[in-house]
């Protein structure tokens with residue numbers, strides 16, 4: 001009734017051979033996949049007795065720490081950990097499982113590595129504090145449930161010594177003891193051995209995407225701010241609208257003095273890059289503008305590129321350097337004949353961000369027209385009202401005069 005699993009211990013050293021990152025934990029994965037006969041089955045992927053941690057790094061004020069482990073027949077797992085002024089926190093978790101491993105996926109229809117990326121849901125931990133979670137906790141995304149227990153971890157270890165100060169997960173209590181590994185009964189109740197494909201229903205209209213907040217940092221300073229809802233329109237065999245989900249999207253990129261790039265990765269299935277540049281409009285005036293947009297769609301099964309599109313000839317979203325650009329109305333960026341990017345509630349500042357806040361915004365023409373038309377419409381309505389009152393008054397006067405003449 002118990003899964004076979006092994007503990008993992010990772011002790012990363014810095015250049016002076018002092019511990020900079022320590023982790024000791026147990027984990028396993030429940031994965032639903034399609035079999036050769038079209039059924040959907042759930043399998044369990046456990047750690048093997050031989051685990052390596054190639055690629056793990058300590059991290060610093062400007063670079064994220066990384067715990068990376070490799071196990072079994074081409075499987076790997078990693079977590080990026082970022083550092084703030086007083087805390088550290090898991091950023092995103094990446095699992096790659098290989099369906100060529102016939103012991104785990106004996107009859108998988110599709111073969112090869114599959115990569116799934118999820119945000120780490122746990123709260124930040126104070127620096128010089130070790131995170132501890134004896135009881136099991138779960139992270140679910142797409143067709144995978146990740147299960148962790150008996151976790152002890154500290155990133156950005158100070159002076160080479162793991163702290164004795166603990167931060168416990170919500171599942172633990174002050175008196176809790178390490179739990180036994182989860183059993184089949186208490187882990188897989190939400191799954192069946194064979195799942196029938198979901199019934200086919202008529203497609204629902206795609207709603208506008210949720211608005212996401214994204215930012216980039218250079219050192220400890222925020223250098224790029226963006227608030228936007230994104231939707232792709234891909235015309236292949238038939239038009240397909242894809243909303244970018246801010247909850248599963250990770251922001252990356254680079255800040256510079258004359259160019260800046262924001263790269264968005266939505267669950268390792270959609271990659272969108274925006275490149276901004278600075279131009280001189282006169283000897284003393286500079287503006288920034290959107291110069292390039294590229295879109296890449298990846299297969300959720302094996303990470304291969306399904307399609308890609310790029311347009312480096314844009315000259316949109318321009319605003320004076322030191323200000324921000326805003327456009328609440330929907331805008332369309334034509335990448336090529338098959339791909340469009342629709343933006344909603346856009347507010348962006350790729351240069352000269354101060355105090356982690358947007359500068360004064362220059363609004364797009366559509367918003368400006370709207371702001372201009374509203375008072376005009378109100379004025380016109382008031383004008384019509386005044387005319388109606390005046391006409392009513394004249395008619396009333398004439399009736400009064402007619403009445404007097406009749407008498």
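Using N, Cα and C of the backbone, Cβ positions are placed for all residues, glycine too.
Predicted automatically and left uncurated, TrEMBL annotations should be read as such.
Owing to the predicted nature of the structure, the values given are computational and were not obtained by experimental measurement.
The annotation disulfide bond is assigned in TrEMBL to 133-169, 327-364. Annotation source TrEMBL lists domain 'Lysosome-associated membrane glycoprotein 2-like luminal' at 209-354. Positions annotated as domain 'Lysosome-associated membrane glycoprotein 2-like transmembrane' by TrEMBL: 374-405. What TrEMBL lists as transmembrane segment is 372-395.
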Query raised in the report: Cα distance, residue 327 (disulfide bond) to residue 133 (disulfide bond), nearest Å?
Result: 45
Report task. List the residues of the same chain that sit at least 6 positions away from residue 169 (disulfide bond) in sequence and have their Cβ under 8 Å from its Cβ, in sequence order, or write 'none'. Result -> 122, 131, 132, 133, 135, 137, 151
Query raised in the report: What is the number of residues in the domain 'Lysosome-associated membrane glycoprotein 2-like luminal' (209-354) that are helix, strand and coil, as DSSP sees it?
Result: 3 helix, 99 strand, 44 coil
Report task. Give the sequence-ordered list of residues that share a chain with residue 364 (disulfide bond), lie 6 or more positions from it, and have CB atoms under 8 Å from its CB. Result -> 317, 325, 326, 327, 329, 331, 346
Report summary line: The number of other Cβ atoms within 10 Å of the Cβ of residue 133 (disulfide bond), counted over all protein chains shown, is 23
